[in-house]
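Features as listed in TrEMBL:
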TRANSMEM  14-36  transmembrane segment
TRANSMEM  48-66  transmembrane segment
TRANSMEM  86-104  transmembrane segment
TRANSMEM  128-152  transmembrane segment
TRANSMEM  164-182  transmembrane segment
TRANSMEM  188-206  transmembrane segment
């Protein structure tokens, strides 16, 4: 098998890029530890500083990834195709994602509501500021996990010569999904793994539509 595409990107380069994006996601933990040491007190703006720092890092990572794709003339890893069949599959995956979330959370309120309520209660008038920054953080995290799916899918297709298996799901599940079990509670970890599989499968069923896949990824964080 030829290990390079016409753009001279090797098969393993796609996997390496998926892992680099995952590494960028993991820098959030480093930032959190660093901020906790610099600001040991439980002050309301500490979370804003931590999330804002992570946001800057993630924006840089996304921009660098975009430049890498452009400079290496990488094509056919995503599309913007849209038709009735794609929208039908998107609707099915979207509803499946919501249902899974509600089951795991035992029917609790959607995250965008429950999180706002908790922050408002804990930090009073400052809760709104934390909430806004937190959701910008989620939007960027959603883009990064979408990129892991994109690179992981292309790697698997070239490595194993098959386009029917959701390799992006598998790569995301074993990286971002698995880490949530190790760093957070079991229910969050289980949902991260299941949602990794669902969004990655959605990527395939939606014919690699980048926008629809990103919307599904965003839903993971706000529903």
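Just so you know, glycine gets a Cβ as well, placed from its N, Cα and C.
Where the transmembrane segment (164-182) meets the stretches 14-36, 48-66, 86-104, 128-152, 188-206, the count of C-beta pairs under 8 angstroms peaks at 188-206.
The transmembrane segment (188-206) and the transmembrane segment (86-104) are in contact, since at least 3 Cβ pairs between them lie under 8 Å (pairs 6 or more apart in sequence). When each of 14-36, 86-104, 128-152 is checked for Cβ pairs under 8 Å to the transmembrane segment (48-66), 128-152 comes out on top.
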